[in-house]
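Engineer: Annotated region 'Disordered' per TrEMBL: A:1-35, A:628-674, in sequence order. Summarising the annotation, TrEMBL assigns compositional bias 'Low complexity' to A:8-19. The compositional bias 'Polar residues' annotation in TrEMBL covers A:22-33. The domain 'CTLH' feature in TrEMBL is assigned to A:123-180. Summarising the annotation, TrEMBL assigns repeat 'WD' to A:298-339, A:348-388, A:390-424, A:562-588, A:594-623. Per TrEMBL, compositional bias 'Basic and acidic residues' is recorded for A:645-659.
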Amino acid sequence: MRLTEPQSSTSSLHLDSLSEAGPSSATGATNGHNGFLAKSNGYGLPFTNGSSRSPDLDGVSGRKSSKRDLSIARVTLPGTTLYDDDPSTDREEFVRLVIQSLRDVGYHESAATLEAESGYIMESPDVAEFRRCILEADWDRANIVLTRLSITEEDRLWEARFLISQQKYLELLEADRTTAALQVLRQELAPSKVDPDQLHSLSSLMMCSDVTDLRQRAGWDGASGSSRRQLLINLQRYIPSSLMIPQRRFATLLSQARSWQQNQCLYHNAPSNPRTFSLYTDHLCDTSPFPRVTTAILEVHEDEVWNMEWSHNGQYLASASKDKTAIIWRVEHDKDPSVREIFPKHILREHKFPVGCVAWSPKDDYLLTASENDIRLWDVERGICIARDVDHHSDVVTALAWLPDNAHFISGGLDRKIIIWDLDCKPRDSWSYCPIRVTDLTLTPDFSRVLAIGMYDVVPEVPPVPTPPENGVPQARPTTENRVIVYDLATKQLETFISTEGELTSVKVSHDSRYALINSSASQTSPSEIILYDLELEWVVRKFTGHKQSRHVIRGCLGGYDGNFLASGSEDGIVYIWHRDSGTLLEALAGHGSGSVNSVAWNPHNVRMLASCSDDKTIRIWEAPPSVASGAPVGSAQPATNEQDGGKGKGKNRERWDGGDGCGYGASSSSTFL
Amino acid sequence: MGMSYRRYLNGARIYGCAQCKTHLATIHSMISKAFNGQHGRAYLFDGVVNVIEGEPNDRAMTTGKHTVRDIYCCKCGTTLGWKYDRAYETTQKYKEGKFILERNLLVSVQ
């Protein structure tokens, strides 16, 4: 496309270093300075290569229309890449994207100058004309130009033509030129090899009563709207992108870079904004506002605290304890730790056995609790039990979850039953057969699926005969396995299941209903792990390890901004927090007394607040370290041990399941604060 | 310490606590039916589940001196039998580490 002056790359390198001699000459002529120059010195010294200027050389034919072009000297560079030491970026591609961006925002003179100086043009005259024809509704001309746009396959050319004719047809209908529209329908649309249904729906638009009706039924915003631009986007896929560059291509690449940087940012716990995302540097969140110190210890329970759940508004925390009570705590999560109050609003005392699970209704006006096979429904405001059932489950009820109508809920138990209830605690529906003793279940937030986990009994051979020795070694056949079962909520049909060797104790689902988080205890062949399972693709995305779970019911959760983090309790009394997308262990928070940390719960409204409950009878609230000015909070004696244990925990606990390289960040970040 | 679910057994015949039906042992782990407890006939099992073991103490039994611990149902707390820690007579050593459940305190469950 352009002429280049023969020139060796070594001489080019030398000249480059001369051109930037001012600010960074100290770095010498070593490689890599080109990149530095481009990043830091955009305005001072443009990348020009003086000696290679040659007014006589102008490879761009047909671009001399403007006077400016004549006065701009073409710059000829060696090679075809943007930087001669970096083969990955093609110079022509890069420059054309810059020209496109300049034009998009209105720097037309600069764009023309760059075209003249580089010898690259944003797009060929044909593409420019095609674009103009579409935007100005010059359909006949557009069809002629279309044939010059390197569409090699006949079928694809027909499809592109169909799109253009469709726009033409709709615009004619919109302008009330029905006869002309009919002609287009008969002569242009009908002969194309299009799906008859599509043609039929197009012809039915003839009957539209008015323009508004037409636009609505066609899903089209009219000639004066964005429909012609949309048509161009649709036509893009038929035309080689090197010929017609996709719209705002540079911005697309930048947004990809942003999302990659966000994935690399292990402590990303706030929405993105221009302040935290600059093109000048890679994005990295400040690690200091991360919840890692205890700001409150809730000491009312008289025995081990086994389970917790935040209300949907984040203002209350319900806890379930071995002491046979459940407590509704008021937590002023939006106030500063030094002035806010946390107190038990109600202590629910009627259960006769330890309480194992709690569940807030969608409107936070009811709370469900279960203890053995006893389910109770409580009025949150008054703290009184308004309904109960002990007749329908014959064994421990392990899980409760609400349906979106605030009037029905679902329970699962070790008796292999899954039941749907109303507010009077009367069963309304149930699964006719559930193959597992349910140890936990949950609904996806979009209420499309039920996820149940539990123990699956392998039907034993009767009478049991010893397995014949294989390879001389008698093998014991396992009599139980554990399963995660995914049901469709509407039909109660099983969609899929996965088997695990470790016992399953907790299941949660991400806000987007895409991922399930499952705690699995250690078994003979696998360590204790938390499984992140993709419900759409039906595969295990990642496994998180480092915590300890061998005998007890330990629960994890997703939380923080965008569910970027994963936390879990552990039998070693530590709260563990991982980065969800890399698997990096970020924090190992010490503070609870002896025994297990049984459950953790991230506040749904305050992404910087986490609660944990333990065998030590307490609940701890974890938040960011308070600023120096606000004084020492409750539990301020903890930070020293935090740091120590946090550091210790990291080295041994990390397990990576993908090829990323995020490890370094995690290890270096946590010991800098506190 | 910590929350845990009761264990569940499967097999041709499962013995449970007569009081609360908690699974205790299967017929496959039964060693002998020829034992006597405080409430009559008792069974010796190789392994049992869902029991809490009490403190050890020495008892003089018809077959000699033994160190045993009472065992209780983990759900309802009923005393179900005992576990042999140690047998002083050489001929009784086979009982060490094994469990006695009294037949009258058991039911067959599924």
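Every residue gets a Cβ built from N, Cα and C, even glycine.
TrEMBL does not curate its annotations; it predicts them automatically.
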Engineer: Please indicate, using numbers and ranges, the residues of the same chain that are 6 or more beyond the repeat 'WD' (A:390-424) and have a C-beta under 8 Å from a C-beta there.
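Structural biologist: Those are 356-363, 365-366, 368-375, 377, 430-431, 434-443, 447, 450, 452, 454, in sequence order.
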Engineer: Looking only at the domain 'CTLH' (A:123-180), what are its DSSP counts of helix, strand and coil residues?
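Structural biologist: For that range the per-state counts are 43 helix, 0 strand, 15 coil.
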Engineer: If you run through the repeat 'WD' (A:298-339) with DSSP, how many residues end up as helix, strand and coil?
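Structural biologist: The breakdown for the repeat 'WD' (A:298-339) reads 0 helix, 19 strand, 23 coil.
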Engineer: What counts of helix, strand and coil residues does DSSP assign across the repeat 'WD' (A:562-588)?
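Structural biologist: The counts are 2 helix, 14 strand, 11 coil.
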